[in-house]
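Contents: one structure, followed by commentary.
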Amino acid sequence: MHDAREVVVLRYGHRPGRDDRMTTHVGLTARALGADRVIFPDNAGQSAETVRDITDRFGGPFAVELRDDQKAIVRNFEGVVVHLTMYGERVQDVEGDVRESIQGGDGLLIVVGGEKVPWALYERADFNVGVTNQPHSEVAGLAVFLDRLFEGTELDREWEDADRRVMPEATGKTVIDADEERSDGD
Ligand SMILES: C[S@@+](CC[C@H](N)C(=O)[O-])C[C@H]1O[C@@H](n2cnc3c(N)ncnc32)[C@H](O)[C@@H]1O
């Protein structure tokens with residue numbers, strides 16, 4: 001779909017109960033819009049289960065990991081680190097530099113926060129990127145950033161090993177069972 005190496009999304013911080021839906025939506029958005037993997041804090045097990053379940057049903061490849069060492073993940077990542085923050089440089093000004101920096105490299109880690117993130121993250125990040133410099137949400141910021149990164153090519157992605165597929169249509173809600181689709185093709 002694109003030339004870049006692995007694109008990983010890190011959800012930095014999670015408050016069980018309060019952040020459950022947001023963390024789940026970070027994972028679903030990462031999957032739907034072309035990332036290869038999401039890393040959740042290890043107290044976000046319910047969100048991980050939901051994203052895995054969607055991947056099982058609607059296809060992949062897409063990996064979900066639970067880790068307790070978020071600081072170390074960022075510190076030790078060998079590729080390029082992008083931190084999405086309303087205080088960052090404008091996405092439209094740096095998207096080309098980010099694409100260039102990951103060509104042939106060790107991949108890209110995109111970090112999104114929930115509550116306050118440590119200052120060390122701003123310092124470690126190769127790019128602090130704002131999707132507008134207005135406060136909004138990690139889900140919206142991630143969606144726009146991924147679409148800019150992939151220049152829209154992620155919208156044409158094919159999904160592997162899906163049990164079901166949604167038929168795009170002007171009106172109606174048709175979901176095709178992959179087994180039926182395969183037997184129709186025989
Ligand atoms: C509730 S917001 C916290 C806002 C925070 N003061 C900040 O640094 O962006 C949670 C997360 O949403 C993301 N976010 C919010 N507004 C953003 C923006 N304009 N551009 C990029 N990311 C944004 C950031 O990843 C942030 O950590």
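Just so you know, the numbers here start at 1 and follow the chain as drawn.
The backbone N, Cα and C atoms fix where each Cβ goes, and this holds for glycine too.
According to TrEMBL, the protein has these features:
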BINDING   Leu84, Gly113, Gly114, Glu115, Lys116, Val117  S-adenosyl-L-methionine binding site
Mapped onto three states, the DSSP assignment of Leu84 (S-adenosyl-L-methionine binding site) reads strand
Counting across all protein chains, other CB atoms within 10 angstroms of the CB of Gly114 (S-adenosyl-L-methionine binding site) number 19
So Glu115 (S-adenosyl-L-methionine binding site), by the Cβ count within 10 Å over all chains shown, scores 10
Note on S-adenosyl-L-methionine: the CB centroid of Leu84, Gly113, Gly114, Glu115, Lys116, Val117 has further same-chain residues inside 8 Å, namely Tyr12, Gly13, Thr85, Val112, Glu138
By the 10 Å Cβ-neighbour count, the most surrounded of the binding-site residues Leu84, Val117 is Leu84
If you count the other CB atoms within 10 A of the CB of Gly113 (S-adenosyl-L-methionine binding site), including all protein chains displayed, you should get 17
Ordered by sequence, the long-range same-chain Cβ contacts of Lys116 (S-adenosyl-L-methionine binding site) under 8 Å (at least 6 apart) are none
